[in-house]
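Copied from TrEMBL, the annotated features are:
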- 37-150: domain 'Plastocyanin-like' (DOMAIN)
- 163-300: domain 'Plastocyanin-like' (DOMAIN)
- 380-517: domain 'Plastocyanin-like' (DOMAIN)
- 1-26: signal peptide (SIGNAL)
Amino acid sequence: MRSENGRRWCWIALLLALYMEAVVVAEDPYRYFDWRITYGDIYPLGVRQHGILINGQFPGPDIHSVTNDNLIINVHNDLPDPFLLTWNGLQQRKNSFEDGVYGTTCPIPPGQNFTYIMQVKDQIGSFFYFPSLQFHKAAGGFGGIRILSRPRIPVPFPEPAGDFTILIGDWYKTDHKVLQTILDRGKRLTFPDGIQINGLGRDGAKFTVEPGKTYRLRISNVGLQNSLNFRIQGHKMKLVEVEGTHTIQTTLSSLDVHVGQSYSVLVTADQPAQDYYIAVSSRFTTQILNSTAILHYSNSRKTVSGLPPPGPTTDISWSLNQARSIRTNLTASGPRPNPQGSYHYGQINVTRTIRLANHAGIVNKKQRYAVNGVSFIPADTPLKLADYYNIDGVFKVGSIPDKPAGRNIHLDTAVMGADYRAFIEIVFENRENIVQSWHLDGYSFFVVGMDVGRWSPASKNQYNLIDAVSRCTTQVYPRSWTAIYVPLDNVGMWNLRSQFWARQYLGQQFYLRVYTPVKSFRDEYPIPKNALHCGRAKG
């Protein structure tokens with residue numbers, strides 16, 4: 001009897017072990033989306049416009065996901081134009097084929113579809129998506145992305161009562177195709193006409209809260225060129241997350257959100273029951289754009305009253321000090337159980353310093369924008385496909401220098417080479433009298449320093465090498481510099497661009513080719529089976 005019981009327990013133990021092994025190796029969850037892209041009527045500033053809808057919505061639907069989820073997004077292009085979506089902040093680990101910019105992905109032809117297959121590998125936080133081709137971004141097609149922590153990974157604040165996506169951005173009443181034609185003719189765009197908040201104009205968007213409860217607001221600047229200031233009448237905001245990094249929790253009265261950036265704040269409904277203004281205004285502009293939404297208490301019997309809270313306008317030093325105060329919460333967990341601060345970026349030797357200067361100029365009697373003297377022009381074939389299939393003549397590695405090269409501008413399909421697993425420093429040098437905003441696809445990076453004036457090697461003495469925030473988009477103030485550290489741990493062809501969309505469109509971008517000679521699925525996935533082929537890669 002004992003022997004029989006012993007055998008039974010051995011079988012139970014073996015079955016349990018096999019079950020646990022199956023659990024461990026099970027695939028991460030899949031989330032499926034089916035999107036139809038169409039033109040339709042929108043009214044962001046109170047007048048009818050031709051906008052881009054996703055499943056009939058403007059803005060498009062939010063993507064809700066959890067760390068390591070696989071996202072299967074089937075996009076049907078019902079526009080008369082080629083179309084692509086890019087995923088601002090998703091790192092596309094080992095998978096730049098899915099990045100959704102023309103340097104990596106063939107456009108979806110009119111009347112056809114393409115399925116993006118992506119994993120939000122080891123990521124949390126607030127991001128957004130938008131159309132990357134032509135000047136579609138000025139017509140809509142954008143939406144929020146939220147990546148929640150896995151259930152067993154602690155978050156450094158109590159679970160909020162609600163979670164709102166707030167997409168803000170400057171906006172033109174002019175049709176996006178007219179704007180594109182102006183740029184194609186070599187002219188500059190005029191100043192935008194207003195600000196939209198979740199696709200609506202003044203007092204159009206409303207967010208309902210319960211008295212005494214705390215809510216998370218995920219704020220993204222999806223606009224075309226202007227930094228915006230965000231504030232709520234009578235309420236404080238607690239900053240808790242920036243583009244996938246839990247931050248030291250700082251209480252703010254207002255927050256500068258530069259083009260392409262995303263933030264999470266907590267707001268508690270702790271004021272008398274009524275409606276309050278959410279105010280958004282342009283920063284660093286002579287002409288100030290303003291818009292408002294409504295924070296509505298569920299038991300409110302009083303509409304908004306008084307004036308919206310005023311915001312800062314042209315004060316650079318205030319914004320610079322706020323940016324420097326945003327630090328990583330080293331005691332918080334990230335996407336994995338280990339604390340974010342366990343990665344001691346400040347103790348790693350920098351193997352290369354790249355200095356990038358932006359400037360504007362005229363080429364062939366047309367307005368162009370450049371990085372280190374090179375104004376990017378698209379090739380006839382996505383660069384990633386040309387690289388994968390060894391197609392000659394599409395681009396040349398090294399066609400953009402590592403440092404500023406005078407004021408002259410020339411046109412080229414700019415690609416900078418970089419070694420896989422290198423640890424590099426990039427210094428953005430803004431010599432113009434505007435605020436710039438820069439984004440690197442495929443990565444988050446450590447913003448180690450920023451200041452007014454010219455950068456020099458001595459500027460390294462003021463770097464934050466302990467708890468600098470890790471993010472994917474950073475601002476550079478007028479006649480100032482910003483320095484970032486980037487661990488190049490993601491093989492692929494990655495777009496480094498100005499988030500000012502007219503500047504990006506007219507050449508202020510290039511591609512960083514992170515390369516390893518070892519061809520291994522461990523380092524980079526093969527080309528997707530459903531990949532579209534175009535240009536010289538067709539057939």
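For all residues, glycine too, the Cβ spot is worked out from N, Cα and C.
The DSSP breakdown of the domain 'Plastocyanin-like' (37-150), given as helix, strand and coil counts, is 7 helix, 52 strand, 55 coil. Note on the domain 'Plastocyanin-like' (380-517): DSSP counts are 17 helix, 61 strand, 60 coil. Per-residue pLDDT, averaged along the domain 'Plastocyanin-like' (380-517), amounts to 97 for this model.
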